[in-house]
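> Please read through the structure below; I'll follow up with questions.
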Amino acid sequence: MTDVSNIAPRDKAEILAQALPYIRKFHGKTMVIKYGGNAMTDPALQADFAEDVVLLKLVGINPVVVHGGGPQIEAALKRLGKKGEFIQGMRVTDAETMEIVEWVLGGEVQQDIVGLINQAGGKAVGLTGRDGGMIRAQKLKMRDNTDASKEYDVGQVGDIVSIDPSVVKALQDDAFIPVISPIGFGENNESYNINADVVAAKLATVLKAEKLMMLTNISGVLDKAGNLLTNLSARQIDDLFLDGTISGGMLPKISGALDAAKSGVNSVHIIDGRVPHVLLLEILTDQAFGTMIRSH
């Protein structure tokens with residue numbers, strides 16, 4: 001991993017010069033960033049992320065942050081003596097777990113992110129999908145990946161019905177940085193826990209984002225031998241689903257990324273959140289990180 005503080009001044013100047021055409025290219029464009037993994041738990045990486053987001057805003061790019069919080073939810077459940085359960089990468093969410101999820105995501109995790117961005121000189125505003133009627137949802141009907149006739153009950157896990165981006169756009173226009181917790185609401189005002197990767201992908205589509213970037217704890221999508229796959233097409237992804245290469249928590253991430261690519265998001269990247277300042281390196285330099293998802 002590269003520590004930016006150890007880069008020589010001349011090299012830093014070259015990086016800044018390299019960034020100029022990308023700043024011109026992406027000025028006024030929206031970038032949706034799924035923030036999760038080690039980048040959320042390592043203090044140095046947290047600071048790097050906040051600085052990257054603020055700098056993007058300062059140069060005229062509009063970052064929108066959608067955050068996860070799996071480790072924090074697991075820690076809260078453990079403190080309360082409740083065991084987490086997952087089916088095909090989705091957290092089973094009963095009523096009690098839903099209350100914990102809302103408290104952890106909409107409170108603890110979100111406010112930490114907002115505070116870090118504001119401390120770095122930005123103007124972050126925390127939202128959940130309830131705010132401004134942003135994310136309408138319904139109970140997710142989860143079918144088995146290999147047997148479509150088999151259905152799982154995952155409780156208050158939501159499937160997105162619609163996203164109204166008007167509150168996000170209003171914040172962007174006023175120089176704010178939206179930080180969104182992946183919680184939706186149903187027709188009876190019930191809350192739904194929605195996978196953050198799915199929310200980020202759908203929001204990127206609705207906002208007509210230039211890029212969708214998903215930060216992970218690994219270098220990108222790996223084959224069964226552990227080698228990085230730098231580019232993936234829809235057909236290749238189908239093959240990786242079928243042979244089990246993509247499984248667990250990667251399932252909703254890759255499915256969401258592919259849906260966004262098919263729906264017009266210009267580029268979709270799954271990148272290594274363990275790399276310091278990976279957002280700036282991915283967006284504003286010639287360097288490429290992780291896996292790029294293509295619709296064809």
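Using N, Cα and C of the backbone, Cβ positions are placed for all residues, glycine too.
Okay, these came from Swiss-Prot:
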type: BINDING; residues: Gly69, Gly70, Arg91, Asn193; note: substrate binding site
type: SITE; residues: Lys34; note: site 'Transition state stabilizer'
type: SITE; residues: Lys253; note: site 'Transition state stabilizer'
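Help me see these features in their spatial surroundings.
DSSP assigns Gly70 (substrate binding site) to a helical segment in the three-state reduction.
Secondary structure at Lys34 (site 'Transition state stabilizer'), taken from DSSP and collapsed to helix, strand or coil, is strand. Around Lys34 (site 'Transition state stabilizer'), the same-chain residues six or more apart in sequence whose CB sits under 8 Å from its CB are Val66, His67, Gly68, Ala196, Asp197, Ala200, Leu212, Met213, Met214, Leu215, Lys253, listed in sequence order.
The Cβ of Lys253 (site 'Transition state stabilizer') has 25 other Cβ atoms within 10 Å, all protein chains considered.
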> Would you mind checking how many other C-beta atoms are within 10 angstroms of the C-beta on Asn193 (substrate binding site)?
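For Asn193 (substrate binding site), the count of other Cβ atoms within 10 Å is 27.
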> Which of Gly69, Gly70 has the fewest nearby Cβ atoms, counting only those within 10 Å, among these binding-site residues?
Gly70
> Can you list, in sequence order, the residues of the same chain other than Gly69, Gly70, Arg91, Asn193 whose CB lies within 8 Å of the CB centroid of the substrate site?
Gly68, Ile73, Thr93, Val101, Val104, Leu105, Pro182, Asn195, Ala196
